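K.L.:
Here it is, the structure, as structure tokens.
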């Protein structure tokens, strides 16, 4: 199996987009969306998180802060190529997008079913761990959950969310768990952005961009980015 890597698609305009994948996935998950945006002229970066692209064991052996560091590295690299950057993220990728928007001046932020309150995102990993008798690995899993909880709880503080001023688009699958819906409402309530939009997708659960409403959601993301891009493209 070929090694999974970061994806970078060079564009033709002065704007860039970072797309953040979900827990346990890799950049290929978000490549279809990236290709559509790249065809419109945007330089697209899809970072691979440390420990991802292989097994859940490798994910557990890494750390949540390292994954966010990978997103920051993508931002730093992309900022040398373009003038302004959008960020898109699904699930924990959306969490990293919120964190990035708290710390950097972005052209826009798009979250898809993003958790910003500290709850357990590790259902799939727990199912994996139930069949694992390695005590050290189980301890590692529990430590991992605590680190994740602290990371999300910190970025979801109201004062932290108020620091975000970039245009915001929140996408939410209507069939997703209530806790994710609560997170999306918190974003809408506390983020300071003048431009804030939220849309529900009635046929989709957590992996919205891979499910029944994916075409509509993808089209909505593209429309939002193109609208928010106008002020920068006119400055060329």
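Placement of Cβ uses the backbone N, Cα and C atoms for every residue, glycine included.
What TrEMBL shows for this protein is this:
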type     : residues : note
ACT_SITE : 91       : active site, nucleophile
ACT_SITE : 176      : active site, charge relay system
ACT_SITE : 206      : active site, charge relay system
DOMAIN   : 17-124   : domain 'AB hydrolase-1'
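Could you place the listed features in the three-dimensional structure?
P.N.:
Residue 91 (active site, nucleophile) falls outside any helix or strand according to DSSP and counts as coil.
A coil conformation is recorded for residue 176 (active site, charge relay system) in the three-state DSSP classification, outside any helix or strand.
Less than 8 angstroms from the CB of residue 206 (active site, charge relay system) sit 91, 113, 173, 176, 177, 180, each of them six or more residues away in the same chain.
Confidence over the domain 'AB hydrolase-1' (17-124), given as mean pLDDT on the 0 to 100 scale, stands at 92.
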